[in-house]
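Residues or ranges marked as compositional bias 'Polar residues' in TrEMBL: 34-51. If you look up TrEMBL, you'll see 52-67 marked as compositional bias 'Basic and acidic residues'. Taken from TrEMBL, the feature domain 'ATPase AAA-type core' applies to 164-308. Under the heading domain 'Ribulose bisphosphate carboxylase/oxygenase activase AAA helical', TrEMBL lists 311-392. Residues or ranges marked as region 'Disordered' in TrEMBL: 34-67.
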Amino acid sequence: MALFRLPYSFPSTLPSFFPKILLPVPSFSISCSSKSTPNQLKNNDDNSNTDNPKKPKRLSEQSSWEAKDSEGRDYLYRLGKEADNMNIAVGARAGVIDDLFTGNFLGKDSDIVFDYRQKATRSFEYLQGDYYIAPVFLDKVACHIVKNYLAHLLNVKIPLILGVWGGKGQGKTFQTELIFQAMGIEPVIMSAGELESDRAGEPGKLIRERYRTASQVVQNQGKMSCLMINDIDAGLGRFGNTQMTVNNQIVVGTLMNLSDNPTRVSIGQDWRESDITNRVPIIVTGNDFSTIYAPLIRDGRMEKFYWQPTKEDIVNIVHRMYEKDDISKDEVVTIVETFPNQALDFYGALRSRTYDRSISKWIEDIGGIENLGNKLLGRKKNEELPVYTPPQD
């Protein structure tokens, strides 16, 4: 530190208009110190705030988005780490796609809620009308669903999977959907075509994701839900010359693991003790379960239900099917007795064939098959197609 003294200098003689008395002139000093750095200024500010520290502002006192695990990672970090979808519609992921194309400013998924906006559940608004539900079918499906939702209260081993099997075209899927509509269930439905993929492990992961989606319907929407897989034997069945693939094995193992641990479902993320999935029942349909891996269909994991409608069930179902055509129940009985030992889809196809004569006549009236394209697709907005009435004979 340097100290300088700067004296005042005045002239020895002053003009006449100044007073003769001179007051003493005080002296002052200027002190120069070393240059202060920004870190020292920051430390001074930190020291000044020691007595009154400020807590970081949270989004909400009840929010878990900022809650961190033992490694200091928050929910958004874990969510981005768990996703492995490389689709550009989901978002660019650093470390998976080259940063030259993703940009370092993104870092995580740019749209982390893309998957959650996709509606994977099925509603049945299209089922309009008064359809018939077989009492035996209703009792079996409803009992299985209720038992799985009350599994934590029952001191018994309850199979997670209900396998509905029987002949082709007997209405297994349609009867199940009618029960879902009557019970207010919003299921997640899969088909056998989704049980195979060109990527190993993808179908097994898809089943776990769909199962967790059904669980989230229960938790977030307060609605009953379940996972339904149609025609499972077409995707997993072992026939004469079919080849067993890795995905077939993974799907079988996934369903077996879900049956044994229905509340612990992993989709690839790190295991967390708080990650508990609600138990939801699984319903599968098929024609021949003897082609499926035997440990999967054992009694502890799958409850089997063979569906063969009786003559009374067939008459009631076909009568509701023909109700719009003004056909009485006695006439339906005559139709069923005329064509015995037929599946339900036969009577649906028979009803469809009754309109063939009217449609053929309409094709002739418009000038032949050459004009069908313009008539069906090129018509004007105010031009309506003909309305067909059911034949009376």
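All residue numbers here begin at 1 and follow the chain in the order shown.
In case you wondered, yes, glycine gets a Cβ from its N, Cα and C as well.
Given the structure is predicted, the values throughout are model-derived calculations rather than measurements.
In the domain 'Ribulose bisphosphate carboxylase/oxygenase activase AAA helical' (311-392), helix, strand and coil residues by DSSP number 52 helix, 0 strand, 30 coil. Over the domain 'ATPase AAA-type core' (164-308), the average per-residue pLDDT in this prediction is 88.
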